[in-house]
Amino acid sequence: MLHDVGSINVNWFEAALLGLVQGLTEFLPISSSAHLRIVGSFLPNAADPGAAFTAITQLGTETAVIVYFWRDIVRIVKAWAGTLTRRVPTDDPDARMGWLVILGSLPIIVLGLIFQDQIESVLRSLWIVATMLIVFGLILAVADAVGRQERELTRLTYKHGIFYGFAQAMALIPGVSRSGGTITAGLLMGYTREAAARYSFLLAIPAVFGSGLYQLYKVMSKDGITGPYGLPETALATLIAFVVGYVIIGWFLKFVSTRSYRLFVWYRIFLGLALYLLLGFNVISA
């Protein structure tokens with residue numbers, strides 16, 4: 001009995017810690033899913049938190065986006081809805097942004113459904129995570145160095161919106177980073193660091209909420225969530241992710257308005273190499 005109580009307490013602690021990790025890393029170009037996978041390997045349960053846990057806790061961080069940008073989002077939704085009744089012209093900047101978010105969300109929705117089984121199994125290997133951290137870290141470094149960084153979101157085109165969307169879809173592979181992929185795409189297309197980050201946050205809302213609610217539906221319609229953490233522990237992690245994520249959004253936007261992404265590039269490369277060593281010496285299992 002005491003052993004069972006101890007196990008329950010450990011699960012709550014681990015879930016809270018993973019919620020903190022999710023909130024700290026979701027909006028930074030360093031891959032929150034990779035960090036959940038890595039940190040989970042070092043915890044007493046030494047288990048992958050699972051795709052369902054990851055997707056549901058992301059509901060917390062995306063709720064933080066909605067709260068942080070609520071004025072922008074209300075304005076965009078109103079203008080977009082107005083185009084459906086022709087009260088607002090389709091070239092209205094806010095209405096266009098609404099359509100661009102929808103358009104940019106299509107690739108990750110389609111590819112996520114097609115490759116769902118692989119995403120929840122083989123692609124969660126830490127060998128793949130380590131490789132993606134390094135490879136996409138180097139791509140981010142190139143984009144940050146060569147991007148013109150002169151375009152604002154008012155100049156976002158539908159073609160660029162699709163390109164953003166496919167970059168976001170790459171984040172279905174843990175280690176790529178959803179924000180990292182979309183920010184990299186924005187820099188390569190000449191957008192400023194802050195503009196690339198802002199659109200990245202808005203673009204994530206439909207896809208992440210769709211994925212999280214789908215996983216939540218699967219959990220509620222079956223016996224429960226798979227993995228070491230039950231629904232109550234996952235709810236705690238989601239709440240913590242929301243609070244921490246809200247703070248990180250403001251800090252990150254301020255940071256990238258005056259500095260480069262070099263810090264995150266070096267961090268990704270260091271973490272990827274460290275992960276290779278840990279896996280190679282069997283300190284953790286893939």
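From the backbone N, Cα and C atoms, a Cβ is placed for every residue, glycine too.
Annotation source Swiss-Prot lists transmembrane segment at 50-70 (among others), citing sequence analysis. Cβ atoms under 8 Å from those of the transmembrane segment (50-70) belong to residues 18-19, 22-23, 26-27, 32-33, 36, 119-120, 124, 201-202, 204-205, 208-209, 211-216, 218-219, 225-227, 229, 234, 237-243, 245-246, 249-250 of the same chain, restricted to positions at least 6 beyond its ends.
Within its own chain, the transmembrane segment (97-117) has Cβ neighbours under 8 Å at 76-77, 79-80, 83, 90, 123, 153, 156, 158, 161-162, 164-166, 168-169, 171-172, 199, 202-203, 205-207, 210-211, counting only residues six or more beyond its boundaries. The feature transmembrane segment is assigned by Swiss-Prot to 97-117 (among others).
Look at Swiss-Prot and you will find 126-146 (among others) tagged as transmembrane segment, backed by sequence analysis. Outside the transmembrane segment (126-146), and at least 6 residues removed from its termini, the chain residues within Cβ reach (under 8 Å) are 29-31, 34, 37-38, 41, 170, 173-177, 180-181, 183-185, 187-188, 193, 260-262, 264-269, 271-273, 275-276, 279, 284-286.
The transmembrane segment feature in Swiss-Prot is assigned to 156-176 (among others). Within the same chain, residues 31, 33-34, 37, 96-97, 99-101, 103-108, 111-112, 115, 119, 123-124, 128-133, 136, 182, 184-186, 189, 191, 199-200, 203-204, 207, 272 sit at least 6 positions outside the transmembrane segment (156-176) and bring their C-beta atoms closer than 8 Å to a C-beta of that stretch.
Residues or ranges marked as transmembrane segment by Swiss-Prot on the basis of sequence analysis: 200-220 (among others).
Taken from Swiss-Prot, the feature transmembrane segment applies to 236-256 (among others), supported by sequence analysis.
Summarising the annotation, Swiss-Prot assigns transmembrane segment to 264-284 (among others) and lists sequence analysis as the type of evidence.
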